[in-house]
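Q: Have a look at this one.
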Amino acid sequence: MAYVIHHNDPTGRAALVPNYSSLNIINPNFVHNHHPQLLYPVRFALHPAVVAQIELARSITLQQLIIDEGLVPSQEEEQRRNNVIRRLREIVMKWIKNVAYLRRLPENHIRAASATILTYGSYGLGVHNAESDIDALCVGPWFASLTEDFFIVLHNMLAKRVEVSDIQCVKDAKVPLMRFKFEGISIDLPYAQLQVTTVPENVDILNSLFLNGIDETSWKSLSGVRANNSILQLVPNVKIFQELLRCVKLWAKRRGVYGNLFGFFGGVHLAVLSAFICQRNPNVSLLAALVSIFFKTFAFWPWPTPVILQGSMLPHHHPETRSLMPIQLPSSPHEYCHSNITNSTFTKIKTEFRRGYCLIQDLLKPQFDWRNLFEPYPYSKIYHRFLKITLSCSKKDELGDWVGWVKSRFPGLLVKLELQSFCDPNPSEYFDESIQDPNVVFYWGLAVDDLDLDLVQKEFQKNIGNGFKGITGNMTLSLIQTV
């Protein structure tokens with residue numbers, strides 16, 4: 001315990017009173033000697049029990065902040081999402097029986113045929129909120145094809161249901177999927193085809209027996225579920241891991257370092273980093289302590305040394321040698337989380353890790369406030385020049401597809417910009433009221449004034465013009481100077 005020599009005690013005697021402003025370093029209070037004006041520092045270290053009490057109080061405060069931010073769904077919202085998954089499973093069971101019948105399979109095969117729905121992403125990890133989408137995976141047997149049975153038969157079944165709206169097929173993505181809303185909840189649904197007739201409801205896709213002979217598209221579709229399941233199996237305490245991941249995701253979003261297409265972290269990156277901290281500190285149960293360890297660890301991490309979870313399949317070599325921040329997928333010995341990190345975004349991520357570490361140094365001080373850690377990134381104070389990216393369509397229902405397509409090409413734009421300037425892409429979407437058509441606008445911070453905008457726009461326009469099968473909207477790049 002650290003104490004202050006206090007001379008205002010009612011008894012008139014000097015008294016020792018607790019002081020929590022010390023951070024296990026020199027106590028900022030002094031004692032007198034024969035020369036009243038000469039003061040000498042007294043060294044005290046906080047007792048571990050006192051540190052634990054303060055960390056407990058900080059943890060409770062942080063947990064309440066997460067709740068106040070709406071990051072923990074209510075029981076009603078949780079039940080609503082569970083019901084959506086249950087009903088989707090019922091639909092795909094009817095679908096697969098219908099497909100088996102259309103394929104003229106034997107009666108015993110029709111009776112045995114089954115398919116299921118698995119979840120991944122934030123919902124699968126249990127860190128979703130009321131606004132989160134659901135990443136779901138339809139897993140079917142050998143006789144149900146992607147092109148015909150999934151994109152036609154299942155699509156038609158879903159389109160006819162009153163609970164389903166805004167359904168579309170995204171066939172040209174790296175992972176083909178259907179995207180729709182089920183009772184207002186947005187759902188991304190890719191498909192994986194296993195070489196079995198019966199797919200158990202909670203099929204263990206980490207079991208190699210189910211992975212024999214699957215095609216490359218199915219393997220990619222399974223990647224998210226496999227990563228999620230591996231992480232949940234490898235962490236020592238799932239609840240503590242979930243609490244830490246919620247905090248880390250909020251920090252990354254507020255500080256502008258979340259968004260794989262913008263050259264920052266995706267959800268799986270942050271999940272592995274959080275799981276890594278939990279694994280290395282299995283006896284730490286206080287959230288505040290884990291958050292502190294998280295920033296201390298990655299503020300000084302020797303990149304490009306890869307982050308690899310204990311118990312995951314260790315690679316014999318590091319295949320993604322050009323990655324600036326390699327983070328291994330725990331479900332595969334030769335795969336790393338897909339990364340679009342550039343030199344510019346790498347610099348910002350490291351800066352934000354170190355900022356978080358510096359703030360956490362005040363954790364035991366009375367004036368510590370978690371809101372400082374999660375303060376929104378001040379783009380307008382940091383940058384005075386921005387690249388404005390304006391995307392628009394004549395019809396509102398066409399804008400989503402167009403924006404999604406252009407965003408998928410942002411990594412290429414980042415590479416082009418980096419040849420001329422440090423670029424900090426703000427992932428937030430804005431609306432320009434001066435434009436009549438429905439639109440989405442992005443503002444990316446720049447560090448130079450002499451950007452060759454015509455060359456960048458010409459090359460990016462060519463990039464987004466190749467391969468898009470929807471209704472092409474408008475895209476303009478412009479430079480904005482702020483005061």
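Backbone N, Cα and C define each Cβ position, glycine as well.
Per TrEMBL, domain 'Poly(A) polymerase nucleotidyltransferase' is recorded for 54-235. Annotation comment: TrEMBL describes Asp133, Ile134, Asp135, Asp188, Lys249, Tyr258, Gly267, Val268 as ATP binding site. Residues or ranges marked as Mg(2+) 2 binding site by TrEMBL: Asp133, Asp135, Asp188. Residues or ranges marked as Mg(2+) 1 binding site in TrEMBL: Asp133, Asp135. Positions annotated as domain 'Poly(A) polymerase central' by TrEMBL: 241-375. Per TrEMBL, the feature transmembrane segment maps to 257-277, 284-303.
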Q: If you count, for each of the binding-site residues Asp133, Asp135, Asp188, the other Cβ atoms lying within 10 Å of its Cβ, which residue has the minimum?
A: Asp133
Q: For a quick check of understanding: given the listed ATP-binding residues Asp133, Ile134, Asp135, Asp188, Lys249, Tyr258, Gly267, Val268, what is the maximum Cα-Cα distance in angstrom, as an integer?
A: 20
Q: With DSSP as the reference, give the number of residues of the domain 'Poly(A) polymerase central' (241-375) in helix, strand and coil.
A: 66 helix, 6 strand, 63 coil
Q: Counting across all protein chains shown, how many other Cβ atoms sit within 10 Å of the Cβ of Ile134 (ATP binding site)?
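A: Its Cβ has 22 other Cβ atoms within 10 Å.
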Q: I'm checking region-level scores; what's the whole-number mean pLDDT for the domain 'Poly(A) polymerase nucleotidyltransferase' (54-235)?
A: 95
Q: Using a Cβ-Cβ cut-off under 8 angstroms and a sequence gap of six or more, which residues of the chain neighbour Gly267 (ATP binding site)?
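A: Residues satisfying the criterion: Gly121, Ser122, Lys249.
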Q: What count of other C-beta atoms do you get within 10 angstroms of the C-beta of Val268 (ATP binding site), across all chains shown?
A: 22
